[in-house]
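Engineer: My questions will all concern the structure given below.
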Amino acid sequence: MKDLLYLLVALALVVLNGFFVAAEFALVKVRATRMKEMADDGSRPAVMVLDILPQLDAYLSACQIGITIASLGLGWIGEPAFAHLLEPLFTGFGRWSGVASHTIAVPLAFVIITVLHITLGELVPKIIAIRQAEKLAVWVAWPMRLFYLLLYPAIWLLNGCALILVKWFGFKEAEGSDSALSKQELKQVLVGSRAEGYLSDSQTEILRKTLEFPGHIVRQIMVPRTDMVALDVNDPFEDNFRTLCNSVHTRYPLYEDSQDNIVGILHLKSLLPVLDRNGPSPDIRAFAHEAQFVPESLPIARLLTLFQEEKSHLAIVIDEYGGTSGIVTLEDVIEELLGEIQDEFDREEPMVVPLDLGKISVDAALPVDDLKERIGLVPDQEPDVDTLGGLVMTRLGRIARVGDSVVIGERRIDVSRVSGRRIVRLIVHPARKESGPDERDGDRKGPLPT
């Protein structure tokens, strides 16, 4: 009966050791944000976990004390109990029974206790705590709180001694919160959440762009001056009206003589009351609204704030010399977060169009920051341009022509369409393991390969 009691005590100590191991790993692994969510839903144990987490060092010390007590008790009671139970197995050795029981039963009992301690008392609770941190954290919260209060003096003394030794060894307390994540860490969290099915591809992309949003500037999203549709206030109204009819926009910059001299913004809605009237042509300048000017280097997060404050949707972008560099709209800012937005009047070709044989047709205006994400292209050096077209033009070192090719990273890129001196579309070929002689030159003239 006594041996059975010792055996039950030994098993109880194994379970107790497992409890403290599970509590330790669950409290370390659990996310405070998830506990806050559960607490808001009315979970009282989650509230207790939130009280424990700011004192995590002290509670981990409590776990270690519990593990140490359970382990010492197991060695003190468990090994003799199992050895005593095994001794009857060696009674058949005759006069060697006593020697056999001590030389074999004791080591065998030690092995059994060690296996139980490592598996049931360490590995199993550790694995469960890592996989089910939330459930275990709320389950161990109240027992750990009670154990902490009962042994507070010992915990305070031992934890204080440990902190003194840590400082003596020159380790300083970490600054900031351990739960705070860097931008790169947040991106990895997004990738993991998408892989686990918590986020869709579109949700992941929006959140990724939101993280990158503060680092982008107006120059990266603006409509360049060459693509700007603007009206000269000195032109006849009929010519300007013809331009309006051939365009799909609702707001237009107004300039006098030169696009570097912007005098206002015309909203098409302002012209509607006079379009059906007979009489002299109206002066388009009379319908101009005050223009808002922003520098190329303005962060787009600040631009969004300006649009909200000024209740405007369009701004004129100026370069470092004060000249007009282009325009930027609220839609450009939103597209930076949500991707391309097209209405029923937009006839723009998609930014990226898959072709056969692994080729891709790409708009030359694709930002260099999106090359890896959109087409898997990694430039072999940090580009000093904003778009893929600018990168190709820089690599060519001259004005591009249809049929020109360059090699960037491991991809060959062909110029497929130009407009004047500007590249419009490019063909990106799949990566090749080995480059031929023409590709290594990085510049090839002639017709596109078939």
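Glycine too: its Cβ is placed from the backbone N, Cα and C atoms.
Sharing the features that TrEMBL gives for it:
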type	residues	note
DOMAIN	1-203	domain 'CNNM transmembrane'
DOMAIN	222-281	domain 'CBS'
DOMAIN	287-344	domain 'CBS'
TRANSMEM	6-28	transmembrane segment
TRANSMEM	58-78	transmembrane segment
TRANSMEM	98-125	transmembrane segment
TRANSMEM	146-169	transmembrane segment
Engineer: Could you give the residue numbers and ranges of same-chain residues that sit at least 6 residues beyond the transmembrane segment (58-78) on either side and whose C-beta is under 8 angstroms from one of its C-beta atoms?
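Structural biologist: The answer is 6, 9-10, 13-14, 16-17, 19-21, 23-24, 27-28, 52, 109, 113, 116-117, 121, 144, 147-148, 151, 154-156, 158-159, 162.
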Engineer: What else in the chain is close to the transmembrane segment (146-169), if you only count residues 6 or more beyond its ends and a Cβ gap under 8 Å?
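Structural biologist: Hits for the transmembrane segment (146-169): 57-59, 61-62, 65-66.
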Engineer: Mind checking which residues of the chain, 6+ beyond the ends of the transmembrane segment (6-28), have their Cβ under 8 Å from one of its Cβ atoms?
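Structural biologist: Sequence-distant neighbours of the transmembrane segment (6-28): 49, 52-53, 56, 59-60, 63-64, 66-67, 70-71, 73-74, 77-78, 80-82, 84-85, 113, 116-117, 120-122, 124-126, 128-130, 132-133, 136-137, 140, 143-144.
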Engineer: Please compute the mean pLDDT of the model over the domain 'CBS' (287-344).
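Structural biologist: Mean pLDDT, the domain 'CBS' (287-344): 89.
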Engineer: Give me the DSSP three-state residue breakdown of the domain 'CBS' (222-281), ordered helix, strand, coil.
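Structural biologist: Result for the domain 'CBS' (222-281), in helix, strand, coil order: 20 helix, 20 strand, 20 coil.
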